[in-house]
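A.B. asks: I have a structure here, written as structure tokens, and I will follow up with some questions on it.
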Amino acid sequence: MPVSLHPLVDNGITKGDANFPGGNLYCLCPQNKVTVAIKGNVAHNHACGCSKCWKPAGALFSVVGVVPKENLSVAANADKLEILDKAAAIQRYACKECGTHLFGRIEIDHPFKGLDFVHAELSDKKGWQEPQFAGFVSSIIEQGFHPNGMDEVRSKFQSLGLQTYDTLSPPLMDLIATYTGKKNGKLSANL
């Protein structure tokens, strides 16, 4: 039986709109939905195999991108949100009733502070940036996926035109390393 990576990629990838203006994300409650408004498109959208990201039922991966913190606001039912793990670098805000993760925010000193992590699939609008790569691919093994199936997973991503990484994509890893180099004085702060 073929593996389900994620509903947004299982049957091919739909190209997003570079001029997409944004939209609302909704939790999965049947009524009184938590609504998060996003101005603009996501960036660095990718399939993520980590154990912390929210995944739809049956999917091995989440699809997650980032938006500037100032481009995200909770538009309805903020009282239904809770932080799942206050000690985590990415504080994931989820609906207390349905469990859907609406956004993740970093409040500590971190290379991605100022960016909020979101799942654009929770929107009813089409045009969000399509996935650009697959990250933390090997992490699905830690969650119970048999290691013998990893070649099939990587091949499926590659057939969709997505590179697979066991961390993040090289540009994002370079950003993290640059941040760290500046912080520890090895690189100019003006870089």
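Each Cβ is built from the backbone N, Cα and C atoms, and glycine gets one as well.
Feature table excerpt (Swiss-Prot):
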type: BINDING; residues: CYS27, CYS29, CYS95, CYS98; note: Zn(2+) 1 binding site
type: BINDING; residues: CYS48, CYS50, CYS53; note: Zn(2+) 2 binding site
type: DOMAIN; residues: 20-166; note: domain 'CENP-V/GFA'
A.B. asks: Around the Zn(2+) 1 site formed by CYS27, CYS29, CYS95, CYS98, list the extra residues of the same chain whose Cβ is within 8 Å of the site's Cβ centroid.
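C.D. replies: Close Cβ neighbours, site residues excluded: TYR26, LEU28, LYS33, VAL34, LYS80, LYS96, GLU97, GLY99, THR100.
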A.B. asks: List the same-chain residues at least 6 positions away in sequence whose Cβ sits under 8 Å from the Cβ of CYS98 (Zn(2+) 1 binding site), in sequence order, or say none.
C.D. replies: CYS27, LEU28, CYS29
A.B. asks: With DSSP helix as H/G/I and strand as E/B, how many residues of the domain 'CENP-V/GFA' (20-166) fall in helix, strand and coil?
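C.D. replies: Split into helix, strand and coil, the domain 'CENP-V/GFA' (20-166) gives 26 helix, 52 strand, 69 coil.
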A.B. asks: Would you find the one among the binding-site residues CYS27, CYS29, CYS48, CYS50 whose Cβ has the most company, meaning other Cβ atoms within 10 Å?
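C.D. replies: Of the binding-site residues CYS27, CYS29, CYS48, CYS50, the highest Cβ count within 10 Å belongs to CYS48.
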A.B. asks: Would you list the other residues of this chain near Zn(2+) 2 - those whose C-beta lies within 8 angstroms of the C-beta centroid of CYS48, CYS50, CYS53 - in sequence order?
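C.D. replies: Nearby residues not in the site list: GLY49, SER51, LYS52, LYS55, PHE61, SER62, VAL64, GLY135, PHE136, SER139.
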A.B. asks: Could you tell me the C-alpha distance between CYS50 (Zn(2+) 2 binding site) and CYS95 (Zn(2+) 1 binding site) in angstrom, no decimals?
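C.D. replies: Cα-Cα, rounded: 20 Å.
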A.B. asks: What's the CA to CA span in angstrom from CYS95 (Zn(2+) 1 binding site) over to CYS53 (Zn(2+) 2 binding site)?
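C.D. replies: Just about 14 Å between their Cα atoms.
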